[in-house]
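Asks: Copied straight from TrEMBL:
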DOMAIN    39-302  domain 'PRMT5 TIM barrel'
DOMAIN    308-477  domain 'PRMT5 arginine-N-methyltransferase'
SITE      F339  site 'Critical for specifying symmetric addition of methyl groups'
ACT_SITE  E448  active site, proton donor/acceptor
ACT_SITE  E457  active site, proton donor/acceptor
Amino acid sequence: MPLGERGGWDKSESRYCGVETDFNDDMPNLLSFNLSTAGFDFLLATLMDPTYRPSLMGSDSNGAHVLPFAGSDLVLSPSQWSSHVVGKISSWIDLDSEDEILRMDSETTLKQEIAWATHLSLQACLLPSPKGASCANYARCVNQILQGLNSMQLWLRIPLEKTDDDSVDSDQTIDSWELWNSFRHLCEHHSQLSVALNVLSSLPSANSLGRWFGEPVRAALINTDSFLTNARGYPCLSRRHQKLITGFFNHSIQIVISGKSVHSLPGASSDSAANHTGNNVDNAQRPPLRPYLDYVAYLYQRMDPLPEQERFEHGYRDFLQSPLQPLMDNLEAQTYETFEKDSVKYIQYQRAISKALLDRVPDEEASSLTTVLMVVGAGRGPLVRASLQAAEETGRKLKVYAVEKNPNAVVTLHSLVKLESWENIVTIVSCDMRHWEAPEKADILVSELLGSFGDNELSPECLDGAQRFLKQDGISIPSSYTSFIQPVTASKLYNDVKSHKDLVHFETAYVVKLHSVAKLAPSQPVFTFTHPNFSRKKSNQRYKKLRFEIPSDTGSAIVHGFAGYFDAILYKDVHLGIEPSTATPNMFSWFAIFFPLRTPVCIRPGSSIEVHFWRCCGSSKVWYEWCVASPCPSPIHNSNGRSYWVGL
């Protein structure tokens, strides 16, 4: 049965907990005991008798023999095989052995077992961990299998270990991530190859663990000897292990209990293993691994429910979207509605406008002086409403021009003005702000033209065109904004881009709700724009060189691309943004932006990565170019905006 439901709605894969079993040719009884009696959701079951070796098998006159699988396909129903069994490939296989017979036996057996698992329609198979640092032949064989595989996933078992002692000789250091990275590269980053982490009793540093959340980890195998014993004699985990397991739950990684019971439980109690959840099974009849399952269920059930914002964003996690082209395209009603639901954003705008009005108009002139405020890019009117609410809050008089180029949104604006009886306050202008000839100058210019990267929806170009009708001492809201980037491991995003099999998609920036990513270094500022900008030599072209230092205890890492954010100062101390360290809480109008790399870059422990970013401007478009200069140079991406640009 599932571990639980967070807030009654979470349906992620991590709700299901499995158990690793030894070879048993009575699959129905094995399944019944571990699922019905013990309460697990699936088996990690050995498919073939571990004593089998092809080279030792005799054959009849036709050269045929029956392979020693754990029962025929008929002993379970197709749905039981598919939903409740993950195949475990024989652990003895060693495709990189110096022993040719063992090597050949291993290759034959691997292919036979994968063929059998495919026949059973299993959703996944667990591959044994490579026996040594050299795994080229193993990877070659797996890569061959992957080329002809249907939808089945192959989980490569990798121990979660890394030597953290700097005093250890480099020849003796262990970092299992490097084993995975080598294997993954040999298999061409295949999307059906993923990781099953073997969690040990000691854990590497937090930075080292963080790398794995950007990798395609599907399962975490926790051996019973990794559990501690609490005061009542029941199994429990260290605080670091608990935090790691919670991270696994949040990333849809399934937990699998492995090994024999190593806890002698009190016989008189009918409590659960962790003494947190009740059950109806007497201890005398309790399956030996049930206490470990109960403890994992306890960890799952005590997690906080996802906040409303996370629930809203859940379906967008790691889903690549093309950025908006607000000047070239007119937004649809559904897009407007989504943005308008973000009350936090408009509260911040209202705060900024209120402060600007108080600075602009002294109290003694509040009843006589009317402030001219222009909302450029008014959409369906949320900033108009925020402006009028700010005026009411501060007791200031306001005259509003709502400038909007989308004729469909203008229809809604007229309806709103009539409904709210704003006819004497609000003038609607159906025009592109860059071409409008304003009848008077504005005291305050308000806009919401920011994109995920700050300037990527052409806010600088639009506001440069609009500031001609702002008074010399006028106020722009926002007054400035800065873009940020940071290097990330993002295996899923990389594979999604790679699946298009063309250059264009690797040279496109995507809006994405980042989730299964590892952020390898703190973000750094890239481009800053300030408004109004009355400089005669102003240019919106930008260039920035950045160097990111990867913490030494992280170990080696792979960079699939760069996550981009922005932070904006609306007015004085009122800010708005999505940069992780200063992000505005509970705001969902913007996801991050992702700049992919055509070839992922490997970073050695304690080393740095040098990155170059350009913002380029042409007569009809604006585009970004980016590249890595070290530790190994990459091509300059999106040269001349050949793949991705924003139209003027």
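Please read every residue number as a count from 1 along the shown chain.
For all residues, glycine too, the Cβ spot is worked out from N, Cα and C.
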Asks: Just the number: how many Å between the Cα atoms of F339 (site 'Critical for specifying symmetric addition of methyl groups') and E448 (active site, proton donor/acceptor)?
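Replies: A Cα-Cα distance of 10 Å.
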Asks: Cβ-Cβ under 8 Å from E457 (active site, proton donor/acceptor), same chain, 6 or more residues apart: which ones?
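Replies: Expected: P323, L324, P326, L449, L450, G451, V646.
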Asks: Just to be sure I understand the packing, how many Cβ atoms besides its own are within 10 Å of the Cβ of E448 (active site, proton donor/acceptor)?
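Replies: Total other Cβ atoms inside 10 Å, all chains included: 24.
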Asks: For the domain 'PRMT5 TIM barrel' (39-302), what's the mean pLDDT in this predicted model?
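Replies: A mean pLDDT of 88 is what the model gives the domain 'PRMT5 TIM barrel' (39-302).
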Asks: Taking the Cβ of F339 (site 'Critical for specifying symmetric addition of methyl groups') as centre, how many other Cβ atoms lie within 10 Å?
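Replies: Summing over all protein chains shown, F339 (site 'Critical for specifying symmetric addition of methyl groups') has 17 other Cβ atoms within 10 Å.
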